[in-house]
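S.K.: Pasting a structure below so you can have a look.
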Amino acid sequence: MEKKYKNIVLLKGLEVINDYHFRMVKSLLSNDLKLNLKMREEYDKIQIADLMEEKFRGDAGLGKLIQIFKDIPTLEDLAETLKKEKLKAKGLAPSRKRKKEVDAASPAPSTSSTVKTEGAEATPGAQKRKKTTKEKSGPKGSKVSKEQTQPPCPAGAGMSTAMGRSPSPKTSSSAPPNTSSTENPKTVAKCQATPRRSVLQKGPVIVKVLSTTKPFEYETPEMEKKIMFHATVATQTQFFHVKVLNTSLKEKFNGKKIIIISDYLEYDSLLEVNEESTVSEAGPNQKFEVPNKIINRAKETLKIDILHKQASGNIVYGVFTLHKKTVNQKTTIYKIQDDRGKMDVVGTGQCHNIPCEEGDKLQLYCFRLRKKNQMSTLISEMHSFIQIKKKTNPRNNDPKSMKLPQEQSQLPNPSEAGTTFPESHLWTPQMPPTTPSSSFFTKKSEDTISKMNDFMRMQILKEESHFPGPFMTSIGPAESYPHTPQMPPSTPSSSFLTTKSEDTISKMNDFMRMQILKEESHFPRPFMTSIGPAESYPHTPQMPPSTPSSSFLTTWKPKLQTEPEEVSIEDSAQSDLKEVMVLNATESFVYEPKEQKKMFHATVATEKEVFRVKVFNIDLKEKFTPKKIIAISNYVCRNGFLEVYPFTLVADVNADPKMEIPKGLIRSANITPKINQLCSQTKGSFVNGVFEVHKKNVRGEFTYYEIQDNTGKMEVVVHGRLTTINCEEGDKLKLTCFELAPKSGNTGELRSVIHSHIKVIKTRKNKKDILNPDSSMETSPDFFF
């Protein structure tokens, strides 16, 4: 009998509670078990169960554990479960004592029992008890924010996540209302509010940010649209999942910052930060390191068979593999699996019909565990969120396909000697033909990417490029290939294939990567193979230059020369919220005639910085109206540009006080660089500006414009759709997103790329002052776009 009791204590009691509650249990048992400080810190659940068996002869401490759980509001349901298990172990049918137990329990109010039990049949007595509970818990519940009382992830449960000792979190956090093993369908459908005991913490807590999600939009029961994000933070002894309902704090939760949080709500191990909360960065003397064991717990995902044993109502966080996806009218069923079982995830609202496919990883935030007919299901609620990590393409793991690009890169094209110009190898310093794979892909310092990733990258570059055929071998020198300059050896492939951490690897990054591979270069393919080594693959542009944005931004904001480098190297989806003012935007244009893909360029600014933006969602054109203040999130930083895709969030902002952009900053954003400055800049950067056409020459599929000012001349090479523009000598070209490419004599030339845009400004040839080379050098803000 005692063995049965110990099984219940360990497997159905201690095993399912979270770290926070386990530490609480150890503290409450410290006198009985003679636990000193070191033992309370180090003893695990098995050791505590052993001590309880030794101390409490007869029931292995089960009765004591039930009493402790009953005194913890969010564990009351678990206490009832243990009482039933104890009766079973005694050989008594639970049904016999059910009424008696309910009556005995009714006096004790429980904030976590306000919702109808998830069990199947609740007796009238049980229902009455719940009603009483609800009334008594009212005052305390009033402390909780309006949003908290909504069905979305009760905060209390939030901390009990599947991630990082999450199993337990679920129990405590989820304790909200659901207790039984099965769930009433109506309860799930309505997703009733689950009032739980929350405590307003005035005193500050110092934590380190471990990870954050991107901001996302959710809908309140009042049909109001709001934005929030999730975060994980930790002290030196425990971690917390955080719901941040104030997105203006996103910057505070970036990186691995040490921050101080005050006036937050706490339920168990979950923190909620809202408009009333205060968040500030910690001082130098408040820095600390989080132990690896805490970090690992925070990242931990519970096995599905463990989830099936968890109490209904728990909140779950974790990363799971998608086995099957079924889309209904208002819900989506995601069947997840691991090596221990399967489970359904029901997504509604923002979690409905997320773009994903079998084999992808779903990172779930704040999902409620529900039970019906002994079957467990994860249900999305108001604050739930799903982040997608795309599966790896199997073909990239094939040894043959991985070797192919390297072998090809070492075989020069037979026609190379006879068709290339002397300038065709001017970019070899950036990509030496003798060591194509090392100089092309390796990082100059930290070697964080393995050979396999290099081969995969080469395979992708080879397969995804869509350059037409034989064009380059016969008509142009190597430098007319636009994208080679963008890949110096110092720009590792890490920015292309990897992201800063697992939580930044998502569908957005994969979508961005594939989009770039398909669109970023449009010069015919054979050109590259016929004039130079394999490093000249068309997609080189995806590897940002060593100082990509510095050279790009110096064309219009010299003081940012050292800042953009980090931005352009990241080459990944950015989840931070950036508030900017729109300075100007081009008209929408078709950049991919075959598929009729459209985009437009824009310039935006904060009060300190200016950013060039590529917008691939023309539905946002109205948002990018000059002088509008907008917030952008989930954008992509690449090569000195912010790239806005369909998954990017763009919203109007009523700035108070109104954002004021310094006039000097606006002027710097609209300055056209002098040609002698361009000649000395790093090749591979991108240039915007207004230039006068001195000569025009059409050769085959290319159009060459010679532009000039009072400091020199330069050639602009145009290919594809832009060759059809109506432009004559003496006109002015307003160039947007032209690549500065190398040329013999180290003068360089500007080349059109797939996202380039030209606007022709017609001039009167009889007015020489308009033809003055200097007249296009300084432009007004309105004139630039």
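Note that the numbers count up from 1, one per residue, in the order the chain is shown.
Each residue, glycine too, has its Cβ placed from N, Cα and C.
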S.K.: If I go by Swiss-Prot, the feature motif 'Nuclear localization signal' sits on one of 96-100, 211-215, 491-495. Which?
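M.R.: The listed stretch tagged motif 'Nuclear localization signal' in Swiss-Prot is 96-100.
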S.K.: Write down the single range among 140-143, 148-151, 392-395 that appears in Swiss-Prot as motif 'Nuclear localization signal'.
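M.R.: Here Swiss-Prot associates motif 'Nuclear localization signal' with the stretch 140-143.
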S.K.: Could you tell me which of the ranges 128-131, 432-435, 592-595, 764-767 is annotated in Swiss-Prot as motif 'Nuclear localization signal'?
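M.R.: Based on what Swiss-Prot states, motif 'Nuclear localization signal' spans 128-131.
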S.K.: Restricting to the chain of Lys614 (N6-acetyllysine) and a gap of 6 or more, list residues whose Cβ falls under 8 Å of its Cβ, or answer none.
M.R.: Met599, His601, Phe641, Leu642, Glu643, Val644, Cys737, His755
S.K.: Cα-Cα, whole number of Å: Lys45 (N6-acetyllysine) versus Lys214 (N6-acetyllysine)?
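M.R.: About 35 Å separates the two Cα atoms.
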S.K.: Going by a 10 angstroms cut-off between Cβ atoms, which of the modified residues Lys214, Lys598 has the sparsest surroundings?
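M.R.: With the modified residues Lys214, Lys598, fewest surrounding Cβ atoms within 10 Å: Lys598.
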S.K.: Taking the Cβ of Lys45 (N6-acetyllysine) as the centre, count every other Cβ atom within 10 Å, in any protein chain shown.
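M.R.: Its Cβ shell of radius 10 Å holds 19 other Cβ atoms.
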S.K.: Note down the number of other Cβ atoms within 10 Å of the Cβ of Lys683 (SUMO2 cross-link), including every protein chain shown.
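M.R.: For Lys683 (SUMO2 cross-link), the 10 Å Cβ neighbour count is 23.
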S.K.: What mean pLDDT does the predicted model reach across the motif 'Nuclear localization signal' (140-143)?
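M.R.: Average per-residue pLDDT within the motif 'Nuclear localization signal' (140-143): 40.
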S.K.: Reduce the DSSP letter at Lys214 (N6-acetyllysine) to three states and note it down.
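M.R.: In the DSSP reduction, Lys214 (N6-acetyllysine) maps to coil.
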